[in-house]
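Participant: Just lifted these from TrEMBL, have a look:
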TRANSMEM  7-29  transmembrane segment
TRANSMEM  49-71  transmembrane segment
TRANSMEM  83-103  transmembrane segment
TRANSMEM  123-146  transmembrane segment
TRANSMEM  158-184  transmembrane segment
TRANSMEM  190-209  transmembrane segment
TRANSMEM  302-321  transmembrane segment
TRANSMEM  409-429  transmembrane segment
TRANSMEM  449-465  transmembrane segment
TRANSMEM  472-493  transmembrane segment
TRANSMEM  513-535  transmembrane segment
TRANSMEM  589-609  transmembrane segment
Amino acid sequence: LQSNADALVDITVVVIYFILVLAIGLFAMRRANEGTVSGYFLAGRSMNWAAVGASLFVSNIGSEHFIGLAGSGAACGFSVAAWELNALLLLQVLGWVFIPVYIQCRVSTMPEYLSKRFGGNRLKVYFAALSLILYVFTKLSVDLYAGALFIQESLGWNLYLSIILLISMTALLTVTGGLVAVIYTDTVQAFIMIAGALCLTGIGLFKVGGLEGVRTKYMQASPNITAILLSSPNLTYSESCHFHPKPDALKVLRGPTDPDLPWPGFLLGQTPASIWYWCTDQVIVQRVLAAKNIAHAKGSTIMAGFLKILPMFIIVIPGMISRILFADELACISPEHCLQVCGSASGCSNLAYPRLVMSLMPVGLRGLMMAVIIAALMSDLDSIFNSASTIFTLDIYTMLRKQASSRELVMVGRLFVVFMVIASIAWVPVIIEMQGGQMFYYIQEVTDYLTPPVAATFLLAVLWHRCNETGAFWGGLVGLALGAARLILALVYREPHCDQPDERPSFIKDVHFMYVAAILFWASALVTVVVSLCTPPPTKEQNQKHHPVRTLMCLCGLKEKPTAAQVLTVQEQEQIVDELLREPPRTRILLNIALVVICSVGVFLFIYFSV
C-alpha cells in the first residue's frame, strides 16, 4: 500500500478525473434528445465515426481486460492476444455485412431484429433473456470483481464501499444522459486509457530491455523455489503446477492439443462464437447504430479495428513484463502459496497489471493509471447498463405494455438501470467465489457454451433468405440445450488444483471449450438449415415486393400490407433508410481501401506472432 502523502496525490488525480467525466456527462445530457426513445437509446443517430470508434474500443476494453488479459499474458504468453487480433477482423464483418441489414430493418435492438426478420416473439424473448443472463454472469460479475481486485491491491479501500460508489457514479451517468453521455465519456476515456497504458508499457519495456528483452526474459521467468521455501518452510510445491513458462509461450496460434489456444478450435469454434459479441451483442451494435450513416458506421469499425492492435502491446505485453519482474508472486508454486500471495488457490496471475502499476509508476502517473482502470470499469458498466435497459425496455416491457408512451419507456429504462445496480451489488459475493486463476479464459469458456447458436442464427438470418422462424428457433434451442448441458457438467466437474490428480471424465478434461463451441455452432447451423428446408419457406408476398421495399421486407420478415393511411409513413421511413445507407462514391472507395489495409494488418500479425 502507498504512503498517505502519495495516496493523497493519486486520489486527487482520480477525483479530478471523475469531476471531468461527470461534467461531460451533464453536458451530453443537455445536448441529447433523451426525452425520446431514439435519443436516449441510440443517441439520435447523430454520432460521427471517431466518437463511435472510440466508444467501441473503450466499451470492449473494460477492467476485465486490464486484469484478465494481462493476467493470461503473464500465465500463458502471447496466445491471449488472438482474441484482440480476431476482433480486428470481425469488426469489419459487423460494418460491411451486419450493420447495413440492421439499418435496412430499422431496428434498435438485436431481439427486435429477430422479431422483424422471422416474425413472432419466441426468438425475440429467447435472445433478450439470454443477453441479460450473459450480462450478469460474464460481464457485470467479472467487471465488478476485476475493479474490486485493483482497488484492493492499489488503495486498500473497503471492497464493497468502493464498488457501491463506482456503480452509483456509473449508473448516474447512464441514467442522466443515455447513450450520448456514454459515447461522449467513452471518447474521453479512450484517450486517457491509451495514454496511461502507453506510459506504463514504456516504463516496463525500459525495465526489461525492450521487446527483445520481453521475449528472452519471459522464457526465464520462473519463481525462485529455494527462496520461497526458505521464507515459508511450511509450503510445498509440485512440478504439475506449471510455474515455468510454456515452450510455445511466444506464439499466438498453437498446436491442436494446446490447453490454451488450439488453432483448429480457435478458427472453427472461437471465431464463429465471437460473431455473437462483435456482430450481434447489444453493447457493440448499439454504438454503431448511433452513427450518422453507413459511412460513419464503417469508419467507426475501421478505427476500432486499428485500436484493437493496441491491447497486445499495452495490456498483454505488460502482463508478461509483470511476470518477469514478479515471478515469485505471480507464478506461485502451489495452491497454499497462491492463497498466501493473493487469497486465491487457483492462481495469482490476475494481479499482474495492478502489481505492475503500483511498483513502476511514479506518484501522479500512478493516480492516472488508477483513473484508467476505474475508467475502464465505469465504461464497461455504463455500456452494460444502457444496453441492458434498452433490451429490457424495447423487447420485453413493450410486450407487456403495448401502448406505453415514449416518456414511459425512457422512465422504465432508467428504473431498470437502478435494478441492474442492485443486482450487480448483490452478485459481488458470488463473483469472488466463481473467479478462477485466469479470469479472461473463464469469460471465454462460459460464453462459448452459450453463444455459438446465437451466432449461427444471426449469420443464417442475414445471409440465407430461405431460413425461416421454425428452423432458427429449433436450431437455437438444440444448440442452447447442448451448450447449457456442457456448462453444467463443467461446473459440476470443476478443474482440480494443480497439485491434485485430474479425475474428471475424458470428454470434460480432454475436449477444449473451443472445440465444444465449434460443435455447438455447426450443429445449430445444420439443424436450422434442415428444419428450414423441411418447413414452409418465408411467405410468397415477401418475394414479390418491388425494390427497394422488397429487400426490406425480405430481410425483416414484414408481412402486413400497408393501408392507404400508412403508405406515406412507409415511404418516409424508406427515405430515411436510403439516406442512412447512402455512401458518396469517393467515401466508399476510401473505406474499401481502409478495409483491405486493416484486414491485411490483422492477418499479418496473426502469422508473424504464430511462426
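Cβ atoms are placed via backbone N, Cα and C, with glycine included.
Note: TrEMBL annotation is automatic and uncurated.
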Participant: Within the same chain, where does the transmembrane segment (589-609) have neighbours whose Cβ lies under 8 angstroms from its own Cβ atoms, ignoring anything closer than 6 residues to its ends? I mean 6 or more beyond.
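Facilitator: Long-range Cβ neighbours of the transmembrane segment (589-609): 78, 81-82, 85, 88-89, 92, 96, 250-253, 295, 298-299, 302, 305-306, 309, 312, 583.
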Participant: Under 8 Å, at least three CB pairs between the transmembrane segment (123-146) and the transmembrane segment (409-429) (pairs 6 or more apart)?
Facilitator: yes
Participant: Rank 49-71, 472-493, 513-535 by Cβ pairs under 8 Å to the transmembrane segment (190-209) and hand me the top one.
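Facilitator: Of the candidates 49-71, 472-493, 513-535, 49-71 scores highest.
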Participant: Go through 49-71, 83-103, 302-321, 409-429, 513-535 and flag the stretch with the largest number of C-beta pairs under 8 Å relative to the transmembrane segment (472-493).
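Facilitator: Result: 513-535.
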Participant: Between 49-71, 409-429, 513-535, who has the most Cβ pairs under 8 Å to the transmembrane segment (302-321)?
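Facilitator: Highest pair count goes to 49-71.
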Participant: How about long-range neighbours of the transmembrane segment (513-535): same chain, 6 or more residues beyond its ends, C-beta under 8 Å?
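Facilitator: Residues 261-262, 264-266, 268-270, 272-273, 444-445, 448-449, 452-453, 455-457, 459-460, 464, 466-468, 470-472, 474-476, 478-479, 482-483, 486, 490 contact the transmembrane segment (513-535) from elsewhere in the chain.
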